[in-house]
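Some features that Swiss-Prot has for this protein:
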ACT_SITE  Asp7  active site
BINDING   Asp7, Asp142  Mg(2+) 1 binding site
ACT_SITE  Glu70  active site
BINDING   Glu70  Mg(2+) 2 binding site
ACT_SITE  Asp142  active site
Amino acid sequence: MNIIGIDPSLNSTGWAILSVHDNNYNEIRLVDNGSILTSNKKTIGERLNKIYSELLNILNSYKVDTASMEEIFINKNPKSSTLLCYARGVLLLTLNVACIPLFEYSANRVKKSITGNGHAKKEQVCFMIENILNIKCHGTYDISDAIAVAICHIYSIKAF
């Protein structure tokens, strides 16, 4: 089973494909990861279209079965929150077009499932990702956040 974790952003949407074979949820493998980058010199419509087309290509390339994403978080800056909502909307549409079910988790639940602490810092989450997947957690936090939400989903499935 291939699971995609997504960290939404209009600037840099992080994604990670994790694989679990034969329902062995103790053996999680990182298949691939990356970021969908958009330029703030483009129109919002062009940026959203890039997110849509790149995510659709990723979903088709890796035969993704399910998706996971953090629940929406509204911050104090209304403009930032609005732009995040635009990106999330396109991500939801893309998953729907590809017929991929989405599972959403709160940020605290993701952190708690990875580190045991719902208020863990991003560095602690990265440290645990390195231990769980036996990889080096480098790059940007949008990718590690995507990996974390995918692991959270796998752990949620395993619990049932």
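Cβ coordinates are placed from backbone N, Cα and C, and glycine is handled just like the others.
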Residue pair Asp142 (Mg(2+) 1 binding site), Asp7 (active site) - Cα distance, angstrom, rounded: 6
Glu70 (active site) CB neighbourhood, other CB atoms within 10 A: 23
Cβ neighbours within the same chain of Asp7 (active site) - under 8 Å, at least six residues apart: Thr13, Gly14, Trp15, Met69, Glu70, Tyr141, Asp142, Ile143, Asp145, Ala146, Val149
For Glu70 (active site): DSSP state (helix, strand, coil): strand
CB contacts for Asp142 (Mg(2+) 1 binding site) [other CB atoms within 10 A, all chains]: 22
